[in-house]
Amino acid sequence: MPAAPSGSARKPPSVASPAPADSTPPRIRHAPLTDRELQMEALDSPTVDRPSLLDAIDGSVSTSNEHVLLTAELSSVVNPTETVVERAQELAAVTFPKIGSKGAKTEPVAAEEPHSYGDRASDAPMNAGDDVKEAPRVTDSSHEGQSPVSAVQSAMESENNHSGHDEEAGINGTGDDEDEEEDETGEEEEETTEEDEVGEDEPATDLNENDDEEAEEEEEEEGEDDEEEPKLKYQRLASTLGETLKKDAVSTMAVSDRFLALGTHWGVVHILDLIGTDVKRFQCHSATVTALSIDTNGEYVASASDDGKVVINSLYSSEVLLVNYKRPVKAVSLEPDYSKKTTRQFVSGGMAEILTMTGKGWFGNKDVTISSGEGPIYTVQWRGNFIAWANEAGVKIYDVSSQQKIAFIDRPPNSPRADLFRCNLVWKTDYQLLVGWADSVKLCVIKDRSKMDVSSGLPSRYVEIICQFRTDFIVSGIAPLDEDIVLLSFMTDIAESKNVDVIQSGPASRAKSKPPEVHIFTTAGQSVATDVLSLIGFEHYNANDYRLEYLPTDNPAENTFYIVSPKDIVVAKPRTLADHVEWLVERKRYEEALKAAESGKSSLEGNVHVDSIVEIGQKYMETLLSEGRYEEAAATCPKILRADPTLWEEWVTKFSKLQQLPIFYKFIPTSNPQLRPGVYDLVLDALLEANYTMFSETIDSWPPSIYDVSAKVHSVEELLKGDQNNDLLKDIAMRLNSFDKKHDRALFYALVLRRPKALDSVANHNLYAFIQDHALLIMEYDDHILNANVAIMSAIESALLNGSDSSQIFGDIGGNAGLGKVRAATKQDGVQLLVNYPDRISADKVVVQLRKRPKFLHIFLDALFHKDALEGIEFHPLQVELYAEYDYLKLMDFLRISNSYSVEKAYEVCELRDLVPEMVFLLGKMGDNRKALNLIIERLGDVRRAIEFAKEQNDEELWEDLLKYSMDKPSFIVGMLENLGSHINPVRVVERIPNGLEIVGLKDALIKIMTDYGIQLSLRKGCEKILVSDTVELLETLYRAQRRGLILPADVTCSICSLSLEQKAEIDMIVFYCRHSYHELCLVPAEEQVASPSSPSLMRGGTKSAALTPHIENAVRHVYERPNPLPDGRVPIPNLPVSTPGRVITLRRSKPKRFLACPICRNTNKGKLAPSRYE
């Protein structure tokens, strides 16, 4: 339930007690009802309008800088599976201001010496045998035969008469009918008077007044600035407790980790589970239950009552122990581990002014008096080896192990009377005791004495007060919270409480009580938090009607506290992270709530009481948007929206409406989750309209598959039509076209933008057709890349600075930087693409595009010529002029290689540019050698070139002309002598030298001629020796080869008769080096010699030739059809010619020749294999 806004002056709604289940009247009362009982009866009646009645009873309460904790209806439906916090009815509209002007009155410990009470003679502890006396049993027969209510009233009358004062608005108060009527009829007037008084005293924060708007605004501002988060959260204990409290009232309570125990004014002990369900009850007393104690193991519950009885009930058996002390018992405490010990001891005390330890003896219970005669015992607590109790003198501590009183803690000076307000004792640890009595708070620590002090007779332990302070309220309960102290306060005028015995003049007015408050203090007395609790019927209760019980946990910072009043029980727990987040959200402090939720996300999962992180984050972002903090809102989105595409799209729309997408776009996810394409299109359109740079960054970071790339390409190209010089738009268009698989368009923009390595995509995407149609763009791109190439430019500059006419990279550049760039351009990637793929790129189309840029045309044709001189042969006439214009140093090589140009036109071009070497070459090519020689001699004056020209032409007349022209020029004579070599005889030159002509260097030239001649002779001799040596070596090799033996198969046969050696053993076998073998008689018969069928000797025409006999013809044919024994296979031969008229095959008879030849391969090298050797 959301809290009310801080500082609002709105009256908290009055919430009635739970509606009664039936109208059954309570048990019979034998004493008149008090005014409060009458009011409770009215509340229990089903015919009464409960909210209006509560309004009449409660009235309006005004507090300063505080807001009353609103009450809520107790829930009647209980789920037994829920926890205490989940089951309890949560309090409405909680606001916890810090203590204002009323703070704690701190008394620093330094103001007093540490109380080591065992050291003072007056406070010396008494041994058990010194002052412990057995008190006589007192039997109070005045209560016999009375009803529980009458007994309670009688006991309280006796006690009140003894103390001399009446308890205000208590359930034990007495009065007659007239007083009740006066109270009822005068109630409204008292409420009005109190409201007026409160309005006069505290006019700033009356919750029921709405007139003073300025005060409200100031309060709201102060509340927003100064409001601090409470430390505890509160929830009512509901379930069946509401039904119980309709007919009875709580007088005391004890808690354990298993169950809760309630004692009521009707003398009943209720056992509740932790969610408030009544699971068991003991009707063991006839008067108010004053104290409860639960066994450490949760098996026994001890109760003390004003009926003088102490009853110990077992929860899991029928065992009951009842001890009647005959006087009202105010305190009881079981020893630790009561259920596991055989001694079964407990301590109790009350109005008999005796603190008794009762345990099992040989013949029944055994009572040991620990203290007596110091006034009534108001409370006792036993933990570990120490028992602490309080009486009118103060607080004392007893050491069970040593059976000694080790400390006496006196009440602070100027304290209210001891019997007015209950002393609250709580063991924080086994050695730390918290004491809250009236307006005093102390923290005591039990410490061990030194061995020296113990040997001197002092107790082994002593108590030191490490913390003490005073408050401006009455302490109704005390409990530890980690290192802090929780106090349940009853707000009253302490000064009046201190003067309670002063006789007042006139009738005493009965004022309504203020709601109790829960304070958290540090051990230094500093207030940390203050919470105001609006408990049911708080107006009628006093300090002793409230109790504060706590359930310790393993973590002291997570203790559970129970605030008990007669008609209400509230559970308080330290606020968790979920509560902290919820509190921040209620106050619209979303940023802090978000940070807190993120820091403990795991602890918040499944908590229905706290808004989810997404909801908190969205509220926070909406707040940021309303404040114009768009960047912070955008940066928060990824943490809040996470992987929810619906939320992302919703927030994209919100930022779009605010025209803040240029801020938001960086945080929009592209995957996990991926939004609809339309959302991304919306963002990109906004970015393209707002800022090109943002658009460019976005398409780089976003995958192109999530938006409509084609639409974006169209949008960008439309913008380019109006801004053609915008390079950023061109770059965007290049990338978008690449994303859209339009690689040709992407390449176009890359070339326009001169992107390095742009041409790499040509081969990857087969863009040769695009290259063919954009040759000029390619050449411009190459030119830009070349000029930007630092390495090439540095190489050209280095060549020029060093005075060199050539470059190691580009060859002879004639000291011309421009020529070096032209040479380098022919090796650029673009040109190479144009020339290396003639099957895909037509040179004709490229030339057409480059005709208007002659330089680029020359670069392209030059590269094409060097790749393949015949590729662009139709452009050679054009290249003559291009070479002459842009690279004249290569013109000579071109003229020498190519024959596809007009010599006359080429000469005109060279003559126009005065290119003499080229003119000489062209004249020589035209046959005008004399004119060419004259140009060399007259224009160039280069004898070497003239000699080379004469050598090329190899014209005797040209040599003669050269000799004639050179005779009157000494430099030419010397040059000719040095360079003629073996082309002409040097004697011819020497003979023609005119007598008396002085020639510088003639001697050296002649010496050089002689030297060259000697060198030539030496070379000839050397060559001759090498030739002879090679000849001899080859002959020896041939000789060795011919002497080498032949390997024949075992079944070697004659290639003519096909008979083996064994079959004609008497005939020798002849084997040629071609590996054909024959019988000697078959190869050379006595009278005939058979040649090859193709031999001219066998194929002669004429009528005189005799035809071959069938025997001889078959033999010859058989020879040629025999397979060759070599691996080469069968030797193909032509078929024998058929005899025709006029042409016959004859066998020529002649004398046996000395040298035989193989009939098949005409090999004359042979060897003779004799039968005897074969065998």
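Placed from the backbone N, Cα and C atoms, the Cβ positions cover glycine too.
Here's what TrEMBL has on this protein:
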type	residues	note
REGION	1-36	region 'Disordered'
COMPBIAS	8-26	compositional bias 'Low complexity'
REGION	97-232	region 'Disordered'
COMPBIAS	112-122	compositional bias 'Basic and acidic residues'
COMPBIAS	130-143	compositional bias 'Basic and acidic residues'
COMPBIAS	144-158	compositional bias 'Polar residues'
COMPBIAS	159-168	compositional bias 'Basic and acidic residues'
COMPBIAS	175-229	compositional bias 'Acidic residues'
REPEAT	282-323	repeat 'WD'
REPEAT	831-975	repeat 'CHCR'
DOMAIN	1054-1161	domain 'RING-type'
Could you pull out which residues elsewhere in the chain have a CB under 8 Å from any CB of the repeat 'WD' (282-323), counting only those six or more residues past its ends?
140, 143, 148, 151-152, 155-156, 171-172, 251-259, 261-265, 267-269, 271, 329-334, 336-340, 344, 346, 348, 350, 358, 365, 379-380
Averaged over the repeat 'CHCR' (831-975), what pLDDT does the predicted model reach?
85
Please count the residues of the repeat 'CHCR' (831-975) that DSSP assigns to helix (H, G, I), strand (E, B) and coil.
113 helix, 0 strand, 32 coil
Taking DSSP states H, G and I as helix and E and B as strand, how many residues of the repeat 'WD' (282-323) are helix, strand and coil?
0 helix, 24 strand, 18 coil
